Amino acid sequence: MGLSRYLSRRHHWVIQYCALLLFLYFIYSYVAVSNDAPRLNEEIPVFREFSEDLPQGSRKFPEQKPAAALGDEALDPFEKYRGHEKIKWEDEVAYEKDKAREGPGEWGKPVKLPDDKETEKEALSLYKANGYNAYISDMISLNRSIKDIRHKECKKMTYSAKLPTVSVIFPFHEEHNSTLLRSVYSVINRSPPELLKEIILVDDFSEKPALRQPLEDFLKKNKIDHIVKILRTKKREGLIRGRQLGAQEATGEILIFLDAHSECNYNWLPPLLDPIADDYRTVVCPFVDVIDCETYEIRPQDEGARGSFDWAFNYKRLPLTKKDRENPTKPFDSPVMAGGYFAISAKWFWELGGYDEGLDIWGGEQYELSFKVWQCHGKMVDAPCSRVAHIYRCKYAPFKNAGMGDFVSRNYKRVAEVWMDEYKETLYKHRPGIGNADAGDLKLMKGIREKLQCKSFDWFMKEIAFDQDKYYPAIEPKASAEGEIRHVASNLCIDTQFKEQNQRFGLRKCASEDKDGGGEQDLRLTRWHDIRPKGRKICFDVSTSVDKAPIILFDCHSMKGNQLFKYRMPQKQIYHPVSGQCLTADENGKGFLHMKKCDSSSKLQQWAWQTIDQELLDQRQANEHKELE
C-alpha cells in the first residue's frame, strides 16, 4: 500500500515539489562549472559551433557576404534592441546624492598623506607592494564621488531605451583590496541595474590574504555577492588568459573588460552599448582618464586620439580627423585599442576566436584583437561620452618576473604571422628579436582568418590607419637639425644621459671636446618638430606654462602639443609655442633645464645646433605655420 494514500492532496503536492527541487539541485551540482576549473574555448557553445569546421591547410570557402560564415538569423542578434525611442540615461538622483558627499578624495580631489614618519613608513611599504599609493586608497571611501569630466554636451545625449545586458570582467593579480573594491563599486553605482548582469573578478593566483576569504566575506556582508562573482585560477595565467577565463564564464550579451584599478564616470555604460546594439560587430572603447598614482586625484588625460603603433610595436596615438574634432560627443573610428578597456558582444568575441590562447601573460593582445576586428569586417570606435579613469603605476614594479623568457616577442611574432602579411618584415627589421622568436602553432588563428575571409593588412594600413606613415614611418625622415645643442652662455651641451620618461636633464661638457665623457648628446629636431635623442623615441616635453616650467623626457607621440618646438635661427632660441616660452639654462650651466619667458637679448636662452639643414628647417616650419592657421 503506497504512502500516498495516507497523505492529503496538499501534502502529496508538497512532497512532489520538494523532490523536484532536490532533482534540480542534483543536476545543477553535477553540471556547474567550478571556479577552480575554468573552461577551454572549445567548451564555449558559440565558439564550438563556429569553430568546428575551421579550414585545414588551404581549404577554400565559397564567396560570402562580409559577415562571412557567421550563421543564419543569429547574424543579427541585437535586432530586438533597434527601433526603440532614444532616451537620456543620466542618473540625476545619484548625481545629486554625490554632491552632498564630503571626505578624503571626494569628487576625485587629491589626498595627501598625514605628516608623520610612521605613516610615511607604512605608506612606502604599501607603495612598493602595489606600484601606487595604497595607503591613500585606504583613506578614501569605496563609494567616493567623482568629478564629471565629460564634454558638457554628453549630458544631453540620448541612447536606445532598450540595451543589451553586460558582464564586466576585472582580471587582477595581487591588487590592493580597497582599490579593487572601489573599481567594483564604481561600476555598481554608475550602471543602470537592468543592464548590469554581473561583475566577474578573475583572481590570477593572488597570494595576499585579504584577497581570499576576507574578500568573499566582504561581498556577502555588503550583499553584493549576487552580482559580483570571483573566479580563481590554480596557477599564474597572466592578464590575457585572465580576461579570457572571465569571458568564458560570462553570461551577459556584451563583455566589458576593465583593469582592476579603475573608476567609472557618470553614465559610462549606455555610450558603450548603443553602437554595439546597432551592429554587434562593433567594438567600443571608453576614453581613459587618469587616477594619480600618488594622490588618487582624477583628471582627464585628453580629449581623444586614435590608437596606433610604431614599427617597434610601441602603442602610439594619431590625431583626430577634422570631422571627429567637429563632433566631440560622437564615437570615432580608431585603428588600435589601448588594450585594457573595451566593450564587445560575446557573440563577436567568440566568433573572432576570443583572445589567441597562444599569447602569454601580456603584450600584443591589443594589436591582435584590433587587427582582426577591422580585417574581419568589424569596426572599432572610441566613445567620448564614456569615461573610465585608470591608475598608471609609478616608481615601483611590484610583481615577480613571470619566468617565461621573452614572452612579449613571442606574442608579437604570433600577431605578425597571422595578421600582418608582408608588413611583418618591416616590424622584424625594426625589432629583430620578434622575427627570431618562435611563434608556436598558428593553425587555429589562421583558420579563423580564413573562415571569416578577412581582409589584408595592406587594406588595414591604407583604409583604417591611413595616416600612420605620416606620424610613424617605417623609414625615419631626415632631421631638420641634429648633433650637439650647445648653450652659448656656458659653452656646455644638453645631455639627456639616457634618462627615462618623466625625468629632467641638464648640461654637461660637450662630447666633441670630451671623448671619454659618455652621455647622450646626439639630438634630433625631427619632421614632427619634436626633439629626441638619436635612436630613441623619447622626447622633450613641457606640460605647463608657469615660470621656470620643467622640461622632461616623455614618450614621443608625434602629435606636437607639449612636444612641439621651433628653432628661431636669428635669436638662436628653442621656442615652445604651447607655453609661449623659451628653453633656458642657468649661466653656470648647473641644475636642470627649464622654460622662461622669451628674451631675445638673453644668452641664457641661446642655443647652437651642431648641424642644421636650413632649407629643410625653413620648409617644415613654414608648413607648420600653415597648419596652425
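The backbone N, Cα and C atoms fix where each Cβ goes, and this holds for glycine too.
Straight from Swiss-Prot, the features:
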{"type": "TOPO_DOM", "residues": "1-12", "note": "topological domain 'Cytoplasmic'"}
{"type": "TRANSMEM", "residues": "13-33", "note": "transmembrane segment"}
{"type": "TOPO_DOM", "residues": "34-629", "note": "topological domain 'Lumenal'"}
{"type": "CARBOHYD", "residues": "N143", "note": "N-linked glycosylation site"}
{"type": "REGION", "residues": "163-275", "note": "region 'Catalytic subdomain A'"}
{"type": "CARBOHYD", "residues": "N177", "note": "N-linked glycosylation site"}
{"type": "BINDING", "residues": "D204, R236, W362, R393", "note": "substrate binding site"}
{"type": "BINDING", "residues": "D259, H261, H390", "note": "Mn(2+) binding site"}
{"type": "REGION", "residues": "393-406", "note": "region 'Flexible loop'"}
{"type": "DOMAIN", "residues": "526-629", "note": "domain 'Ricin B-type lectin'"}
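Each residue in S183, L258, A260, S262, I291, G340, A389, I391, Y392 lies on the same chain as D259, H261, H390 and has a C-beta within 8 Å of the C-beta centroid of that Mn(2+) site, without being one of the site residues. Around N177 (N-linked glycosylation site), the same-chain residues six or more apart in sequence whose CB sits under 8 Å from its CB are K208, A210, L211, P214, L215, listed in sequence order. Applying an 8 A CB threshold to same-chain residues 6+ apart, the list for N143 (N-linked glycosylation site) reads Y185, N189. Across the structure, R236 (substrate binding site) and D259 (Mn(2+) binding site) are spaced 17 Å apart at their Cα atoms. Cβ-based neighbour count (10 Å, all protein chains) for D204 (substrate binding site) stands at 23. Across the residues the record lists as binding substrate (D204, R236, W362, R393), the two Cα atoms farthest apart are 20 Å from each other. Close to H261 (Mn(2+) binding site) in the fold, though at least 6 residues off in sequence, lie Y132, E175, T179, L180, S183, I291, H390, I391, each with a CB less than 8 Å from its CB. Sequence-distant neighbours of D259 (Mn(2+) binding site) (same chain, 6+ residues apart, CB-CB distance under 8 A): F170, P171, S183, G340, Y341, H390, I391. For W362 (substrate binding site), applying a Cβ distance below 8 Å and a minimum sequence separation of six or more within one chain yields G238, L239, I240, V408. The sparsest Cβ neighbourhood within 10 Å, among the listed binding-site residues (H390, R393), is found at R393. Residue environment of R236 (substrate binding site) contains 17 other Cβ atoms, counted within 10 Å of its Cβ in all protein chains. Residues in the domain 'Ricin B-type lectin' (526-629) partition by DSSP class (helix H, G, I; strand E, B; coil) as 21 helix, 35 strand, 48 coil.
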